[in-house]
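Each remark here refers to the structure printed beneath this line.
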């Protein structure tokens with residue numbers, strides 16, 4: 001039996017201007033409250049007030065002209081309640097002592113709070129006319145200042161007051177998430193067309209052949225949603241947990257079964273570890289289900305921080321679980337096939353497969369004929385749309401594990417969100433890195449201590465102390481209050497060490513934070529940010545790590561034996577909790593498997609373009625199982641941020657559910673066509689999509705992406721709901737495709753498809769797909785495609801372009817199609833020059849009603 005695996009995975013505020021120097025002496029309430037206002041001060045105040053009133057008139061005019069204004073946060077000189085020590089006559093101290101809580105009802109706190117609020121009100125009343133501003137908050141206990149809704153001109157006036165320390169325009173705090181619904185435009189461009197997020201995917205069932213589900217997760221809960229009614233077309237069953245006797249289904253989850261007969265027979269199934277139930281013992285299955293169909297608006301919280309709110313692509317869709325993968329050994333084809341078969345039998349509408357074989361089959365003469373692909377062909381025949389992860393063998397060519405044209409093969413993209421952080425050293429250098437953590441306390445610097453220099457027993461190297469995985473081997477007295485320096489060794493790559501344990505070590509020793517430095521990097525090593533509960537950062541660039549180490553060594557004093565006598569190196573870790581959004585997105589992720597597609601185990605190119613489409617698959621936040629062991633950095637957590645084409649496939653599965661909801665009678669091929677022909681080859685900045693690739697030095701760089709990286713392009717859900725034209729195909733079309741493969745064994749066709757070839761004519765390139773791939777172009781070849789109009793009557797103008805080595809012509813150059821009518825186009829490809837490389841191009845059809853239909857073309861020319 002084949003072994004199976006999972007598919008994946010400078011705005012500076014102006015300083016206050018002191019043109020009103022005696023503002024602090026006026027009766028706003030100040031640190032000079034002990035003094036009485038003299039006549040000199042009164043005269044100064046009168047002059048100041050006259051100036052301010054003139055300014056207020058201008059500001060009022062500005063408000064009337066400029067509209068509603070913005071929120072500004074104003075910070076004032078002086079102490080808030082928590083740190084006030086009683087400097088003002090008549091106002092008792094309120095500062096907190098030794099971490100004790102402040103009694104906010106005490107007379108002293110009430111009096112001082114009122115004093116501060118009067119300062120805020122008096123300042124605003126002195127500067128601005130009533131009705132030209134609105135104070136939103138007074139900050140008194142932890143911060144001394146206020147928030148005000150006002151105009152930019154008034155904000156500038158506040159900056160000119162000596163009592164004001166800082167004025168800053170309020171920033172909108174985005175709730176980021178899985179984030180990909182916003183990145184893909186679902187909340188504003190797609191969900192409203194179907195009745196809103198609380199109806200997006202209504203009554204569509206998505207089946208997940210994966211590692212199970214954690215049904216208690218809020219992403220799958222029903223108590224905060226409208227009641228779920230029955231789904232008449234779904235007939236799946238729900239197993240009960242053998243331990244708790246609780247049913248795995250709840251209305252949102254409509255089916256839950258597990259398949260392990262092959263795993264049990266192999267002797268690899270352990271019910272204590274793998275759970276003989278649909279319960280997710282891995283995390284992977286819960287993650288993929290939540291990406292496709294998880295509830296909307298679920299807070300993503302880890303270590304007390306909220307990283308946004310998660311949502312599935314189709315948050316109202318139902319989930320049917322078919323567990324066939326297990327935490328230690330993956331799964332077996334027999335179990336996976338049984339799960340797929342049961343899912344189709346039960347009546348799922350969409351099937352998500354974040355799984356794939358370890359390699360092409362060696363038992364058949366073509367990759368398209370094997371038990372798995374043939375089973376999926378039957379699923380498509382039954383009207384089920386199938387999304388499968390392309391694989392994580394990138395960026396190398398022919399690394400796909402999803403081959404057949406009846407499957408939607410999904411590549412993984414990096415979206416616009418990046419998590420970055422930095423370390424500031426005592427010598428002024430700033431080193432970039434990855435660290436999903438808070439900043440060191442008070443944004444201060446702390447002494448740096450290396451793990452190797454704080455060992456309790458320097459002769460005991462059994463546990464590789466520089467990995468910082470075991471706090472008991474380090475001296476807590478020397479680590480506490482300092483930043484712990486650790487080394488990223490081969491153990492991290494092998495999985496015996498992890499960032500989470502470094503964080504746990506630093507926390508248990510009372511460290512101010514930790515820095516994990518990569519001194520050597522193996523080709524292909526991939527670094528992802530990991531959420532941690534203490535300030536921490538991973539320095540991934542070797543040269544930056546060496547700068548850190550050199551600074552530490554130069555600043556650290558040692559005795560004759562090499563023991564540290566003084567730690568003098570200092571540093572501070574920045575705040576890495578908030579992401580940075582980039583316009584250079586999407587990009588094809590380095591790990592995403594690439595084409596060309598292959599037709600057999602000898603890796604000969606197929607006349608099918610793969611992958612089919614690109615979807616987000618890097619650093620995706622979604623549900624996780626507390627039992628999950630798939631990612632060591634998320635042990636025991638309810639959410640995880642994971643990368644892989646495993647995460648890309650459920651994006652497409654969820655979007656396919658939205659299309660199915662709007663067009664319930666469309667075939668799987670029609671849904672796939674809608675996704676592909678409306679996709680984009682441009683990023684958010686309007687530039688061609690880039691793909692991550694290795695240089696000759698095995699460093700990651702960006703190159704222009706091709707259809708072998710992203711297929712037809714990056715998914716565009718809004719356009720896919722209304723594609724204009726589709727390229728449809730059915731079971732007989734796929735059967736003719738298989739029968740037309742040169743050298744095919746017809747007995748294999750009947751063995752796997754239970755059908756016979758009725759004709760020996762035809763070519764694989766004739767399959768009516770929304771792409772054209774000619775792997776062996778000799779002279780001139782003609783290809784036809786049939787388009788069907790799924791909108792109103794529309795006239796299309798057809799253009800094409802191709803790289804110079806191959807000529808591309810399309811006929812006709814224009815056509816008018818009535819609603820539901822079909823039309824053929826003829827595509828002619830001619831070799832111009834032999835380059836030994838593929839040529840890339842596209843056919844673009846623009847309709848007079850605004851539809852744009854694009855199909856990619858790839859071809860390699862050969863001499864006759």
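Any Cβ shown, glycine's included, is placed from N, Cα and C.
Among the features that TrEMBL reports, domain 'Inhibitor I9' is placed at 72-174. For 201-682, the entry in TrEMBL reads domain 'Peptidase S8/S53'. Per TrEMBL, the feature active site, charge relay system maps to 210, 284, 646. Feature annotation from TrEMBL assigns domain 'PA' to 462-541. According to TrEMBL, the feature domain 'Subtilisin-like protease fibronectin type-III' maps to 766-858.
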(message) Just to be sure I understand the packing, how many Cβ atoms besides its own are within 10 Å of the Cβ of residue 210 (active site, charge relay system)?
(response) 30
(request) Compute the C-alpha separation of residue 646 (active site, charge relay system) from residue 284 (active site, charge relay system), stating it in Å without decimals. (result) 8
(message) What's the number of neighbouring CB atoms sitting within 10 A of the CB on residue 646 (active site, charge relay system)?
(response) 32
(request) Compute the average pLDDT of the predicted model within the domain 'Subtilisin-like protease fibronectin type-III' (766-858). (result) 96
(request) Would you mind splitting the domain 'Inhibitor I9' (72-174) into helix, strand and coil residue counts from DSSP? (result) 32 helix, 24 strand, 47 coil
(request) Ten-angstrom check, please: count other Cβ atoms within 10 Å of the Cβ of residue 284 (active site, charge relay system), all chains counted. (result) 32
(request) Express the distance between the Cα positions of residue 210 (active site, charge relay system) and residue 284 (active site, charge relay system) as a whole number of Å. (result) 7
